[in-house]
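Asks: I'd like to ask some things about the structure below.
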Amino acid sequence: MSLDTLPNELLLQLESYIDSQADLAVFLQISSRVYSLLVANLYQRNASAALLYGVQKSLYSTALKALQAGADRNVKSRDKERPVISLAAENGSLEIIRLLLEVSLLSPSPVDLNIFDKNRYTALFLAATHGHASIVELLLAHGANPNLRESTGRTALFMAAIRGHTAVVRTLLAYHDDPRQPDLEIDVVINQGETALLAAARQGHTEIVFMLFKRGASLGTNSRTTVQPVLHSAVLHRQPELLRLVVNRDEIDPNRIHRNRTALGLAVANNDEDLAAILLTDPRVNPDLTLHPGGQTPLMQAILKNNERLIQLLRDAGANPRIMTRLWVSPAMFLEAPTREARQELIDKHYGFGVRLAQDWTLG
């Protein structure tokens with residue numbers, strides 16, 4: 001006799017003798033009839049574990065049955081102590097989040113949207129980190145707090161900005177613009193001294209930088225931090241629009257040194273005369289400031305790069321051609337050499353044979 005032919009009463013009796021959830025799950029596979037009859041019993045044995053499994057695997061029907069069986073809506077995973085709402089947010093499971101929120105509205109123990117996991121991550125933080133803009137919008141609409149910080153001080157906005165999730169940043173800023181909502185903290189400084197705007201600039205996410213600046217985010221940094229200044233970020237990522245935004249601003253130090261270079265020094269090192277020209281529109285820029293290990297000023301570096309436009313830009317900005325390097329040579333020695341051959345001899349003598357002048361290069 002097949003088990004599938006047994007009456008329901010006997011099947012229910014057999015189920016009561018099966019102790020293991022895993023064994024019961026195997027038993028349910030006998031037939032669709034057995035599954036339909038006993039699946040609710042499986043969920044009732046440990047509905048919360050079933051909910052956790054369903055959310056981790058993005059299985060909507062499993063999550064629904066677990067909730068119908070009375071699962072704890074705030075159950076957490078063992079490893080990261082991450083609640084199911086956060087797991088669903090991380091996975092981008094929008095429909096499961098809707099399910100959790102809908103069931104929560106009818107429950108005496110609703111889902112806690114602002115509960116932390118072991119790393120102090122919330123559901124909103126994880127959704128923003130992974131670029132799930134629709135989930136961010138849904139969580140905000142149900143009261144998630146966007147200003148909560150994880151252990152290093154980062155917020156949902158910071159993570160969206162640094163990862164270049166433009167749609168998420170736009171969603172968070174729309175929340176900020178809504179007068180019915182609490183203020184969104186735009187200029188949160190994390191433990192290392194960085195803000196969302198500076199992080200976005202460092203990664204080259206210029207559109208996000210402009211969005212944050214429009215909402216009042218600061219462009220400046222504390223001079224005592226090691227955070228990359230926005231000027232350097234604009235030069236590194238070759239972003240002339242961003243550079244034009246930040247030059248000639250009182251809160252920006254144009255001579256700030258980061259990793260032994262000013263923004264101008266970095267532009268010259270990259271042989272980028274267009275960005276150097278933008279930087280030199282700020283009269284505060286010191287064209288001679290350098291921490292080059294060989295003592296080379298930007299003008300000397302421009303000479304060794306054979307870049308006539310850079311040389312002229314720096315000379316027009318008042319660069320001093322008499323400043324000696326550690327090899328006791330100055331830009332003036334090259335500028336005053338009578339012929340191209342004489343200039344090349346100076347380069348060969350002091351810098352070896354790796355630097356060659358262009359055939360049509362003139363310094364006079």
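Each residue, glycine too, has its Cβ placed from N, Cα and C.
Annotations for this protein, taken from TrEMBL, read as follows:
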type: REPEAT; residues: 119-151; note: repeat 'ANK'
type: REPEAT; residues: 152-184; note: repeat 'ANK'
type: REPEAT; residues: 192-224; note: repeat 'ANK'
type: REPEAT; residues: 294-326; note: repeat 'ANK'
Asks: Please tell me whether the repeat 'ANK' (192-224) and the repeat 'ANK' (294-326) touch - that is, whether there are at least 3 C-beta pairs under 8 Å between them, with each pair 6 or more apart in sequence.
Replies: no
Asks: With DSSP helix as H/G/I and strand as E/B, how many residues of the repeat 'ANK' (192-224) fall in helix, strand and coil?
Replies: 16 helix, 0 strand, 17 coil
Asks: Who are the long-range neighbours of the repeat 'ANK' (119-151) in its own chain, taking Cβ under 8 Å and residues 6 or more past its ends?
Replies: 80, 82-83, 85-86, 88-90, 92, 94, 97-98, 101, 113, 157, 159-160, 163, 165, 167-168, 170-172, 175, 181-182, 184-185, 188, 190
Asks: Over the span of the repeat 'ANK' (119-151), count residues by DSSP class, listing helix, strand and coil in order.
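Replies: Summed over the repeat 'ANK' (119-151), the classes give 16 helix, 0 strand, 17 coil.
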Asks: Per DSSP, what is the residue count of the repeat 'ANK' (152-184) in each of helix, strand and coil?
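Replies: Taking the repeat 'ANK' (152-184) as a whole: 19 helix, 0 strand, 14 coil.
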Asks: DSSP helix, strand and coil counts for the repeat 'ANK' (294-326)?
Replies: 16 helix, 0 strand, 17 coil
